[in-house]
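K.L.:
Quick one: this structure, given as structure tokens, is what I'll be asking you about.
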Amino acid sequence: MVKETEYYDILGIKPEATPTEIKKAYRRKAMETHPDKHPDDPDAQAKFQAVGEAYQVLSDPGLRSKYDQFGKEDAVPQQGFEDASEYFTAIFGGDGFKDWIGEFSLFKELNEATEMFGKEDEEGTAATETEKADESTDGGMVKHDTNKAESLKKDKLSKEQREKLMEMEKKRREDMMKQVDELAEKLNEKISRYLIAVKSNNLEEFTRKLDQEIEDLKLESFGLELLYLLARVYKTKANNFIMSKKTYGISKIFTGTRDNARSVKSAYNLLSTGLEAQKAMEKMSEVNTDELDQYERAKFESTMAGKALGVMWAMSKFELERKLKDVCNKILNDKKVPSKERIAKAKAMLFIAHKFASARRSPEEAEEARVFEELILGEQEKEHKKHTVAR
């Protein structure tokens with residue numbers, strides 16, 4: 001018997017709800033009350049904040065226990081309640097997959113590059129204005145070769161940008177190598193738990209925990225797509241490894257060629273998606289949103305968000321696929337481990353891949369996911385703009 005049910009009522013659940021049920025209810029209620037969906041409601045932010053606070057308490061076992069026993073006055077987070085919008089993005093921004101895929105920050109590197117070019121463009125414009133002022137002060141007595149000066153300036157700027165991009169790329173590669181090592185270690189731990197479960201005849205318990213984790217991962221941003229990506233990479237790498245052992249390495253020639261062909265296809269798909277989105281964005285930039293009614297504006301913004309999501313997902317997927325392949329290679333090609341053990345690890349990967357590939361969404365969940373991912377994108381863009389302004 002709980003002292004009060006206000007937080008449970010806000011999320012529309014019973015006091016005996018499981019952690020997964022609480023998270024699902026929070027996502028649904030957060031989408032229903034999100035201020036972006038209620039621009040004309042002055043109380044929208046307060047309602048959204050209330051949903052966030054209810055979840056912050058009920059998702060924390062310690063705070064939930066205090067709330068159930070003593071009520072909400074005794075169940076306040078030590079650091080206070082977080083801002084609902086930032087909390088919403090943090091909870092569903094992909095962190096749940098961290099042990100499987102590492103860093104999943106949409107467009108992080110692209111944003112950094114864009115900021116760098118934007119900053120240097122501003123500096124270049126300011127320098128040009130200063131030069132023009134100097135020229136006018138000389139009363140036209142000293143003339144510069146403007147075209148040559150501009151050309152030299154652009155060459156210099158391009159060199160600086162190239163150096164910074166090379167620096168960013170070097171850092172990205174170092175981060176990637178570190179992530180691959182960490183992810184390989186974590187995947188090895190999961191594989192070991194599977195192998196122990198098989199040997200001890202306790203596979204049912206391992207499967208139950210994995211199924212529960214899959215249910216939670218489905219709630220993440222691009223959750224189902226990430227599960228399918230993991231399944232495809234694990235299955236491909238594991239099957240290729242097992243086949244190479246059966247054919248004494250001869251099949252590696254064919255599987256390697258096939259993998260390279262897939263990589264080329266992925267790169268082509270990424271380029272096509274980017275070009276298609278760019279054309280759509282250019283057309284949309286000609287639209288005057290002030291002339292649209294509320295319904296048309298909502299439809300326009302939804303289309304824009306959808307195009308942006310498509311490009312962001314394509315870029316992230318391409319990068320993730322390469323990272324996951326490196327993780328699998330690190331485990332399966334570790335010569336310090338006997339071949340027989342590595343084959344067993346490959347079979348464990350196939351088991352996990354099968355479970356991930358079996359994940360499904362109902363039509364209602366699919367529509368929820370679409371709306372939800374657009375909201376996540378909106379919050380990430382707001383956060384990015386806020387930090388840009390702060391600088």
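Cβ from N, Cα, C; glycine included.
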K.L.:
From the set LYS132, LYS156, LYS386, which residue is assigned the annotation ubiquitin cross-link by Swiss-Prot?
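P.N.:
So the answer, going by Swiss-Prot, is LYS132.
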K.L.:
Go ahead and report the DSSP secondary structure tallies for the domain 'J' (4-73): helix first, then strand, then coil.
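P.N.:
Breakdown, helix to coil: 51 helix, 0 strand, 19 coil.
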